[in-house]
Amino acid sequence: MASPQGSRAPLEFGGPLGAAALMLLLPATMFHLLLVARSGPARLLGPPPYLPGPEVLWSPQMLLLWFTWLGLQAALYLLPARKVAEGQELKDKSRLRYPINGFQALVLTALLVGLAVSAGLPLGALPEMLLPLAFAATLTAFIFSLLLYLKALVAPASALAPGGNSGNPIYDFFLGRELNPRIWSFDFKYFCELRPGLIGWVLINLALLMQEAELRGSPSLAMWLVNGFQLLYVGDALWHEEAVLTTMDITHDGFGFMLAFGDLAWVPFTYSLQAQFLLHHPQPLGLPMASVICLINAVGYYIFRGANSQKNTFRKNPSDPRVAGLETIPTATGRQLLVSGWWGVVRHPNYLGDLIMALAWSLPCGVSHLLPYFYLLYFTALLVHREARDEQQCLRKYGLAWHEYCRRVPYRILPYVY
Ligand SMILES: NC(=O)C1=CN([C@@H]2O[C@H](COP(=O)(O)OP(=O)(O)OC[C@H]3O[C@@H](n4cnc5c(N)ncnc54)[C@H](OP(=O)(O)O)[C@@H]3O)[C@@H](O)[C@H]2O)C=CC1
Ligand SMILES: CC(C)CCC[C@@H](C)[C@H]1CC=C2C3=C(CC[C@@]21C)[C@@]1(C)CC[C@H](O)C[C@@H]1CC3
């Protein structure tokens, strides 16, 4: 199996061994978190309260519910979109087209769920179904990745991703071989990245809030904050859906187990960890502390959105008055790099904002347990690793200009620290 570039791309994630370990470790961590969040001691580093048997994990009804959810999101994806955007130029100089209707899918899902709840759907019962649902999602991710791997065997070389075609089946299965696997115009990676997982995450959060209201009479302030912050984050991602077309996930990485599991299982079932924790471990939170936490989230969001919008506006139209005055470095590709504004503070200001928000999502859970801080810890590791991968890609793209950018903006994520 030759690399699409002729020469083999360097192995990432620790090569085949690292990929095999991650394929076991990631689902194990997700189930560990689901079990521990509902246990009394809620110890991140302790053993799980029990090991669930097949009768707890396997449920045909939950598999059906999961497929109904995927089917609903796929149907919403296929609805007419307010805009159809073009992706980055591919190796064969063509550009794929993508529907921009993610926010519409979120609103329509909210309407449908609202109608179903008012007709008697017991959404508050969902938290009890998380284990078999997570199992259904994990199983789907494994089978789906296998089908994607097989599909790539008949794909033309130009459709393969730069990584993920090492010739080692475990590594390639993990990273994904085909860059943009599609059936007709249905793009699997783009669909999975933003719809079932992200919208599923806020739906699980809402179910946990409703269950808390049933148990304790009303949702706690901490639960409101976690729900509000994460809804803002998901709403923002879907509102700015087009921006995902320039992320490395879409332009560089193949679609394999890493993204299939990450999008379909990891995001909904682990990103909702704080709300899961709060349902089983209510935390007192006064208004003054809640205001401070809201301020932290607002600062994080301001940096995150400011940085992302500045780069996206600049990439779309460098003469836009909002970015035209910013200082830039020319590169041999004809593109320029921003060296003032947010992108002159650190080389990844959007990651800094994202991490500040991650802190604000954990703080409502108090400081008695490490468990709700799992997201912050995992996300720091993910972004540090992602930043290093992006750095390599930028160095390959921009060469000397990237060196100059690193000299002018020496810190990566946190000014004067990292
Ligand atoms: N919650 C979660 O689990 C995750 C959230 N995220 C968030 O998603 C968002 C997107 O992140 P991600 O895809 O990693 O990457 P970025 O949006 O940070 O994009 C990196 C790219 O931006 C361009 N770029 C870098 N520096 C400059 C500069 N100085 N001037 C102009 N362009 C520059 C380069 O591409 P080019 O030059 O080709 O345009 C580079 O490859 C972030 O806000 C991140 O925090 C990401 C991962 C997971
Ligand atoms: C579990 C694995 C080790 C890694 C899985 C990674 C995925 C969960 C993430 C890879 C890139 C992502 C992005 C987002 C969500 C998480 C995944 C899918 C966003 C959609 C989150 C919202 C932001 O506004 C945009 C992000 C793009 C990248």
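Cβ atoms here come from the backbone N, Cα and C positions, even for glycine.
If you check TrEMBL, you get these features:
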TRANSMEM  17-37  transmembrane segment
TRANSMEM  57-79  transmembrane segment
TRANSMEM  100-123  transmembrane segment
TRANSMEM  129-150  transmembrane segment
TRANSMEM  254-273  transmembrane segment
TRANSMEM  285-304  transmembrane segment
TRANSMEM  355-379  transmembrane segment
Proximity verdict for the transmembrane segment (57-79) and the transmembrane segment (129-150), three or more C-beta pairs under 8 Å:
yes
Contact yes or no, the transmembrane segment (254-273) and the transmembrane segment (17-37), 3+ Cβ pairs under 8 Å, gap 6+:
yes
Counting Cβ pairs closer than 8 Å, which of 17-37, 100-123, 285-304 has the most of them with the transmembrane segment (129-150)?
17-37
